[in-house]
């Protein structure tokens, strides 16, 4: 920084101290300017909070949001183009219904109904994904751009204006001790910054119909989603009612127990409900503990030496996305990195990946 720049910073700091501590009066801005500044501040707060609440509305599960953010970050680091999407609750419910519907089979009324409902839930999840994309493009992104560009630019102008005001007030207070030309230049710069800040705030407030248009796009996307959701659920309701009518019109099958077989109670080995029992092996003194010379070892995964960062799995973890590391309860995992407060990166049997911190107990922590 040049000598002139250092002097200017000293002037501003000196004036600020005299106003805050000494109670000195600074140049007052007009009421219209203050009113615009207040409206811009309220607009900035409104846009910031509405953005956060809209994301919560579209993706209500905070754990899933955090996991998705982490996976997207990892995908960018690895140069992967396709990022995993948010796991819609309708899709998870649909997969559950379809899985159990297939297990029950086609002869089960409930199984067939679960398959119908599961397919409809998956369609609802697809419609919800479309809502997410539509709202992001036409509502979230424009508001985020407003925050990052227009509002940020206004804050820059206001900060610059405050700095020039302090410089002008300091020099005005020392009038007669500094050249008149220097005081005149300070006043011109202050007036110039005030005009620039005023113009940018006026433009933002006068064009707020753009935000109304973006809000309208949000409502249109919601309406389209709910129309499609109602159509899908109406179709599902008709299918289930038709299944109920068909089931009630079919004759009921009566249960006919199979005839009991005659039980032969002559042999004690077959006295266990008619089923033959396996003969118990005889234990002799010569053979009963002979095998204890070589204890039986259960197969286990290779364990890393405990002098390096590692952890023990408390529960089974099934990976749902690329890059995650699956393991079973009791596995010992080598720790290589901590992604954030919720996720570790580690290795098991030569495989590397990410896994949640809450699923493991740290044995040897990572170096700080």
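Cβ coordinates are placed from backbone N, Cα and C, and glycine is handled just like the others.
Model, not experiment: these values are computed from the prediction.
Swiss-Prot lists 306-365 with the feature domain 'SH3', giving sequence analysis as the kind of evidence. Positions annotated as phosphoserine by Swiss-Prot: 288, 292. Sequence annotations record features per position, and here Swiss-Prot assigns phosphothreonine to 298. The phosphotyrosine annotation in Swiss-Prot covers 315 and is backed by similarity to another entry. Annotated region 'Membrane-binding amphipathic helix' per Swiss-Prot: 1-21, in sequence order, evidence recorded as similarity to another entry. Under the heading region 'Required for dimerization upon membrane association', Swiss-Prot lists 60-87. Residues annotated as region 'Interaction with ARC' in Swiss-Prot: 218-254. Annotation comment: Swiss-Prot describes 243-308 as region 'Disordered'.
Distant neighbours of the region 'Interaction with ARC' (218-254): 54, 109, 112-113, 116-117, 120, 123-124, 127-128, 130-131, 134-135, 138-139; these residues of the same chain sit at least 6 beyond its ends, with a Cβ under 8 Å from one of its Cβ atoms. Residues of the region 'Interaction with ARC' (218-254) grouped by DSSP class, helix first, strand second and coil last, total 32 helix, 0 strand, 5 coil.
DSSP states for the domain 'SH3' (306-365), grouped as helix (H, G, I), strand (E, B) and coil, give 3 helix, 31 strand, 26 coil.
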